[in-house]
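One structure is given below, encoded as structure tokens.
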Amino acid sequence: METRNQTSASEFILLGLSESPEQETLLFALFLCMYVVTVVGNLLIILAISSDSHLHIPMYFFLANLSLVDFCLATDTVPKMLVNIQIGSKSISYPCCLTQMYFFHFFGIMDSVLIAVMAYDRFVAICHPLHYTTIMSPHLCGLLVGGPWMFSCIISLIHILLMARLVFCGNNELPHFFCDLTPLLRLSCTDTSVNKIFVLIVAGMVIATPFICILASYVRIIVAIMKVPSAGGRKKAFSTCSSHLSVVALFYGTTIGVYLCPSSVRTAVKEKASAVMYTAVTPMLNPFIYSLRNRDLKGGLRKLVNRKITSSS
């Protein structure tokens, strides 16, 4: 009973990105615009791929899933921050905090694994083009997407169960704009060693391992491309990978810094800056990265827009 009296887990205070009212007004406008662009961009990608039969191939199937995950990841964190700024309240209840954390890890893990799956798809397409349709069968594509959904669900649930056993005493101010795992662990007055060990294990599984697999895939891809005799063929092969490489750099460049770097070199400011990148900036940029350099996808988007204009006129 004494432990129950010590806990202050009824709510947390999200300090956000700034404590200045003027800066918060600017941040509200900025993040609102970013969120609207994220929603519109990712939903357009999903609609274009689902409505154009020419895009019903593994590469675009994975891209549609990535757009869905990006949309959900941004929706899990940004709207709550916008509401807090608008109403002038920074509190979040303990159950809502755990719920937000669950979906943040769920979609974050999905993001990482899907990016690795897309690298494997590019590897098969470039290194084994004659067997591509046989290897990337609908059954395998379903497993490569359905498996990570189940895996993410289980890992995220374990995170929440481990977090629910902790006691929070005294300070309940969270120096972040959403309920992230690492800042919350710092507020706990009980032993968090099990949680930290699990964080390292999961980070190795869902960040380090996919990243190593991506690097290995691209080593094989580069070797295969360099064997292409014509310069035009090499350029075309590289162009099909450039968009994915940009997404890899954006996503892993920030998540590795947060979850795999030693705690001694991490600060609250760096963590918040990295979190902004992979919860708001990356989901917003991904539709542009993939659509601007992809002729087929641009064609699908044009068909979708023309169809909507025709139906409304």
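Each residue, glycine too, has its Cβ placed from N, Cα and C.
Predicted automatically and left uncurated, TrEMBL annotations should be read as such.
According to TrEMBL, the feature domain 'G-protein coupled receptors family 1 profile' maps to 41-290. Per-residue confidence over the domain 'G-protein coupled receptors family 1 profile' (41-290) averages 87 (mean pLDDT, predicted model).
Taken from TrEMBL, the feature transmembrane segment applies to 26-49 (among others). Remote same-chain residues near the transmembrane segment (26-49) are listed as 16-18, 55-56, 60-61, 63-64, 67-68, 70-71, 74-75, 78-79, 81-82, 85-86, 280-281, 283-284, 286-288, 290-291, 297, 300-301, 303-304 (criterion: CB distance under 8 Å, separation of at least six residues from the stretch ends).
Tertiary proximity for the transmembrane segment (102-120) is limited to same-chain residues at least six positions away from its ends with a CB under 8 Å from its CB atoms, namely 59, 62-63, 65-66, 69-70, 72-73, 76-77, 144-145, 148-149, 151-153, 155-157, 159-160, 178-181, 202, 206-207, 210-211, 213-214, 217-218, 244, 247-248, 251-252, 255, 278-279. The transmembrane segment annotation in TrEMBL covers 102-120 (among others).
Residues or ranges marked as transmembrane segment by TrEMBL: 140-168 (among others).
Annotated transmembrane segment per TrEMBL: 197-225 (among others), in sequence order. Cβ atoms under 8 Å from those of the transmembrane segment (197-225) belong to residues 109, 112-113, 115-116, 119-120, 122-123, 126-127, 155, 158-159, 162, 181-182, 185, 234, 237-238, 241, 245, 248, 252, 255-256, 259-260 of the same chain, restricted to positions at least 6 beyond its ends.
Here the transmembrane segment (237-260) has long-range neighbours at 108, 111-112, 115, 118-119, 122, 125-126, 182, 199, 203, 207-208, 211, 214, 218, 221, 224-225, 228, 266, 270-271, 274-275, 277-278, 281-282, 285-286, 289-290, 293-294, meaning same-chain residues at least 6 beyond its ends whose C-beta is under 8 angstroms from one of its own. Summarising the annotation, TrEMBL assigns transmembrane segment to 237-260 (among others).
Outside the transmembrane segment (275-292), and at least 6 residues removed from its termini, the chain residues within Cβ reach (under 8 Å) are 17, 31, 34-35, 37-38, 41-42, 44-45, 63, 66-67, 70-71, 73-74, 76-78, 104, 108, 111, 176-178, 180, 243, 246-247, 250-251, 253-255, 258, 298, 301. The annotation transmembrane segment is assigned in TrEMBL to 275-292 (among others).
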